[in-house]
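Undergrad: Shown below is the structure under consideration.
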Amino acid sequence: FWFLHGFDTEEDLVGSLASMSTNERIKAIQKLPETMRKKREIRNKVLKEITKKSRHRGAQPSCCTQCLQGAAGSFRRFGKTLSEYFHRLWIWHKALKVIGAEFGTSVLSYFVFLKWLLNFNLFSFLINFGFITIPQFLEAEPNNLSFTGLELFTGAGYFQKTVLYYGFYTNATISKIENGPSYNMQLAYIFTVGIYFVICFLILFFSMAKSFYRSYVKSRVLYGKASKLLCTWDFNITNEKAVKLKQKNLSTQIKEDLTDVNKEVLNFSVAERFLRVAVHLLAWVASLGAAVASCTGVYFLSINNLQLFMKGQRNDLESQAVMLVLPVIVSLLNTLIPFFFSWLGHLERFQNPGLHIYVTITRNIILKMAIVGILCYYWLNIVATSESQCWETLVGQDIYRLVLVDFIFCLLGSFFGEFLRRIIGTTVFVSLGLPEFDIGRNVLDLIYAQTLTWIGILFSPLLPGIQMIAFLIVFFVKKVSLMRNCQPPHKVWRTAQMMTSFMLLLFCPSFVGVLSVIGFTVWRLKPSEGCGPFRGLSSMYAAVSEWIQILESYTASKWVVWIYHNLITNVLFFFILSTIVL
């Protein structure tokens with residue numbers, strides 16, 4: 001090796017590396033076709049050689065410099081070691097490898113997306129808890145309501161007087177030290193939510209761009225069949241189980257790549273084509289009809305539900321329990337109708353399994369987003385104008401119940417849709433066999449749950465924490481159900497673009513629709529008079545306008561006022577920004 005690269009011995013290579021700059025030396029060592037252990041040995045020898053030369057020249061650094069360099073090196077090594085251990089101990093690291101090896105990248109993409117959403121909600125929870133909830137603890141009043149346990153399902157009763165809901169937060173400026181720093185809860189609440197959505201937008205935007213580049217550009221330019229066959233093996237793997245898992249993973253990926261080459265071209269007669277088109281049209285009519293009927297039922301049920309609640313005692317747990325009817329019916333529709341869509345997909349007999357999944361996802365997204373749209377209309381146009389003392393808390397309770405019941409139905413779907421289906425397919429109707437994992441239905445369940453969480457952040461700041469726990473449980477329940485109840489897809493196929501499609505659906509219509517709902521609530525709706533940080537204002541946004549008026553009298557804050565008048569309230573600026581984003 002040393003001879004091929006122009007060096008007689010390893011000492012010549014070390015001497016050459018020692019004469020390079022730090023960046024050049026790092027890049028040169030990284031490019032060496034050696035194991036990581038060998039590269040570390042070479043790096044250590046180079047560092048020793050550099051130390052010898054510096055001592056020989058009498059250019060030994062001072063004691064302070066040596067201490068700083070040693071501390072920096074130790075810190076870097078500690079950080080790398082800690083990162084490696086966390087990577088190994090992270091709960092889904094091995095699970096994702098096993099799923100990818102057993103079921104391929106199509107099923108793996110669902111679990112990668114679920115992991116990504118879990119991390120997303122962890123970030124959301126930390127922001128809201130740090131900037132909204134912790135300051136509220138300093139001004140919190142004692143809760144005199146008793147806890148019965150029913151609140152865990154209804155979200156009402158004892159929870160009404162906690163930091164879980166908007167109505168509990170104060171509109172005062174918090175200051176524990178006289179003439180000391182103060183904390184404006186109105187500005188903290190609206191800026192935390194606003195900046196959070198800006199960060200969400202940037203994360204989604206760059207994640208889509210990165211996923212698109214990896215899926216559509218890089219995979220076609222760099223990763224051909226030959227390179228995957230010859231250049232992707234990790235020679236640092238020595239554990240026997242890890243070797244077998246890596247072999248199985250690569251085998252599955254190569255099979256998926258070869259399906260693009262070995263596509264079957266089927267020639268249908270005119271009558272067969274007409275029949276297939278007719279079946280597709282009937283399936284679409286049936287799916288759209290089911291979505292319209294579901295939305296109509298949800299609308300009338302929500303109106304009737306609000307009337308029943310307003311007649312009873314507003315703080316009574318029994319009257320609150322009546323409100324469980326709406327989330328149960330909504331979750332039933334979101335659980336049962338997708339099975340109907342999957343059945344329609346099997347009747348259509350798609351030749352391309354990817355097309356089958358995308359059609360199923362499209363039908364499910366129409367159903368779920370239409371139901372969410374009806375619920376948003378109900379909350380913003382009916383509940384917000386009702387006689388409720390704190391309509392924001394009422395909306396927060398509705399979303400809490402929807403998230404909780406949807407989580408329960410998600411677990412029940414794994415039991416009835418996969419476990420019982422396996423029992424039936426292996427004991428009663430053996431010809432059915434084991435079920436396949438329904439990627440389209442499960443992905444849309446995640447997008448629907450995340451959409452509810454985004455809408456609920458304004459009315460229930462700690463909702464991302466609840467959703468984070470739910471996603472964590474769903475990850476392991478789905479993983480166990482997949483391994484024990486499901487079989488790998490009959491048709492192995494490559495899904496390099498699937499993660500990009502999931503993020504695109506999460507961005508539009510989910511995230512864009514949520515921004516519209518939050519924007520309408522902040523700018524147009526009048527907050528409740530008796531609760532929440534924006535009580536007494538004409539709108540939530542009025543808190544920002546009043547703050548800007550105060551800043552206009554301070555010379556040092558003129559730049560903030562200029563940004564507000566020339567950018568934030570400028571329609572042209574947002575038009576140009578939207579054009580750049582598109």
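Note that Cβ sites are derived from N, Cα and C of the backbone, with glycine treated the same way.
For reference, TrEMBL lists these features for the protein:
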TRANSMEM  95-114  transmembrane segment
TRANSMEM  120-138  transmembrane segment
TRANSMEM  150-168  transmembrane segment
TRANSMEM  188-209  transmembrane segment
TRANSMEM  281-301  transmembrane segment
TRANSMEM  321-344  transmembrane segment
TRANSMEM  365-384  transmembrane segment
DOMAIN    390-496  domain 'TMC'
TRANSMEM  399-416  transmembrane segment
TRANSMEM  452-477  transmembrane segment
TRANSMEM  498-523  transmembrane segment
TRANSMEM  559-581  transmembrane segment
Undergrad: Below 8 angstroms Cβ to Cβ, which residues of this chain, lying six or more residues outside the transmembrane segment (120-138), approach it?
TA: 163, 168-170, 174, 176, 183, 185, 188-189, 192, 196, 199-200, 203, 450, 453, 457, 461-462, 464-465, 467-468, 471
Undergrad: Looking only at the domain 'TMC' (390-496), what is the model's average confidence as pLDDT?
TA: 86
Undergrad: Going by DSSP assignments with H, G and I as helix and E and B as strand, what are the residue counts for the domain 'TMC' (390-496)?
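TA: Grouping H, G, I as helix and E, B as strand yields 79 helix, 2 strand, 26 coil.
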Undergrad: Can you work out whether the transmembrane segment (281-301) touches the transmembrane segment (188-209), with the criterion being 3+ CB pairs under 8 Å where the paired residues are 6 or more apart along the chain?
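TA: Per Cβ check, the transmembrane segment (281-301) does not touch the transmembrane segment (188-209).
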Undergrad: The transmembrane segment (498-523) and the transmembrane segment (150-168): do they have three or more Cβ pairs under 8 Å, with pairs 6 or more apart in sequence?
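TA: No, these stretches are not in contact.
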Undergrad: Which residues, given as numbers and ranges, are at least 6 beyond the ends of the transmembrane segment (452-477) yet have a Cβ under 8 Å from it?
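TA: For the transmembrane segment (452-477), the far contacts come to 92, 95, 111, 114-115, 117-118, 121-122, 124-125, 128-129, 132-133, 163-166, 193, 196, 200, 372, 376, 392-393, 395-396, 399-400, 402-404, 406-407, 410-411, 414, 446, 510-511, 514, 517-518, 521-522.
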Undergrad: Do any residues, 6 or more residues outside the transmembrane segment (321-344), come within under 8 Å Cβ-to-Cβ of it, and if so which ones?
TA: 150, 153-154, 156, 283, 286-287, 290-291, 294, 297-298, 301-302, 305, 308-309, 312, 360, 363-364, 367-368, 371, 375, 397-398, 401-402, 404-406, 408-409, 412-413, 417, 438, 440-441, 444-445, 448
